[in-house]
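Chemist: Let me give you the structure first, and then I'll get to my questions.
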Amino acid sequence: MSSGGLLLLLGLLTLWAELTPVSSLDRPKKPGLCPPRPQKPPCVRECKNDWRCPGEQKCCRYGCIYECRDPIFVK
């Protein structure tokens, strides 16, 4: 395969990997709120949405950090 073809394939794979699956768009968000920001290195992306996290965990965003965290509930 030519280098141009490989570059196109790589670009398409990258775009495909970044797109959110349509099936997650119609799902409601999980209950609860994200806890305070953890102390971690910058720009870690562990998840893209709640449904990529196990159990009741939520996909929480702290700046450029995305990670699965146990929710907190405020009364």
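Glycine is no exception: its Cβ is also placed from the backbone N, Cα and C atoms.
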Chemist: Would you mind checking which of C34, C59 shares a disulfide with C47 in Swiss-Prot?
Modeler: C59
Chemist: Cα distance, C60 (disulfide bond) to C68 (disulfide bond), nearest Å?
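Modeler: Here the two Cα atoms lie 6 Å apart.
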Chemist: Among the disulfide-bonded residues C34, C43, C47, C59, C64, which ones place their C-alpha within 10 angstroms of the C-alpha of C53 (disulfide bond)?
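Modeler: If one measures from the Cα of C53 (disulfide bond), the disulfide-bonded residues that come within 10 Å are C47, C59.
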